[in-house]
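K.L.:
Can you read through this structure? Questions will come right after.
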Amino acid sequence: AESEGAMGVEKRSSGGADSNVARANGHQSDGKGAAVNITKGRKSLHLLRKLFHALAGVALASVYEVLLDRQTTLKVFGVLLVLLALGEGLRFAFPESFFATLSLRVTSALARTYEIKHMSGMIFFLTGVLFCIYFYPKNVAILAILYLSVGDPCASACGIRWGHHSMKFSNGKSLVGFLGGMAACFGCTLAYFWQSHGPSAELIAVSLWGGVVGATTELLCGRVLYSDGETKGGPIDIDDNLAVPIFSGALFWGVLSFFPHVSHYHGTFD
């Protein structure tokens, strides 16, 4: 999610152990004096993480759209979520173990500092994806996943890069970030329905509504972490990887009910 406040470095305890100091500065000790360096915060542009976020979401959406039916997709993604959750559980249960250190070394190019002590965003990401596939029609689920995986990184990148030039909302996010996310979600909606519907005023209207829905949900979700360690959440104070697809999907499903000719799945789940 877009975070206009700088990522704070956790305070050191004067009597703390070396491993605690290392973690506070974005390092995870391997128990032998070595450390895994993870220094990226929410303020960092962190393009590699955003690219991975986008590609992972597009890949998951493509698997559901092209390769697998709904039931098979739920099973495959469910197994993946369980494996990730087990891995995170082992990392927290044995923080000084070889497994924990290896996990952080492998993901250090993508992880943020706060994820050393908190659950990986991928857990919330996959949970949101599974929710959408289970509860929403296929076209809504696909676009909800794309709003998260493409719209959210675009909003974040625009807000971090140019947000200081624009007005800020009460939760620290910027108008520039909102517009960047809106443009990305508009493009995703237009591209998705273009294959079956072709150009029309109705398609443009649906795509604009998709842009508004995706960007508004991103604006209202997640938290901004400031340099003093304080955080400020939006009205929907839930991890954006979980909240964005769920709420944007619900809202866009409502939007599609007014444009029945656009949907090439006609509201079905398969």
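Positions of Cβ are set from backbone N, Cα and C atoms, glycine also.
Found this in TrEMBL, in case it helps:
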REGION    1-34  region 'Disordered'
TRANSMEM  51-68  transmembrane segment
TRANSMEM  74-94  transmembrane segment
TRANSMEM  115-136  transmembrane segment
TRANSMEM  142-163  transmembrane segment
TRANSMEM  175-194  transmembrane segment
TRANSMEM  200-221  transmembrane segment
TRANSMEM  242-262  transmembrane segment
K.L.:
When each of 51-68, 115-136, 242-262 is checked against the transmembrane segment (74-94) for Cβ pairs under 8 Å, which one has the most?
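P.N.:
Answer is 115-136, with the largest number of Cβ pairs below 8 Å.
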K.L.:
For the transmembrane segment (51-68), which stretch among 115-136, 142-163, 242-262 has the most Cβ pairs under 8 A?
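P.N.:
It is 142-163, which has the most Cβ pairs under 8 Å.
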K.L.:
Six or more residues beyond either end and a Cβ under 8 Å away: which residues meet both conditions relative to the transmembrane segment (115-136)?
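P.N.:
Hits for the transmembrane segment (115-136): 23, 26, 28, 38, 53, 56-57, 60, 64, 70, 73-74, 77-78, 80-81, 84-85, 88, 104, 107, 144-145, 148, 239, 241-246, 249-250, 253, 269.
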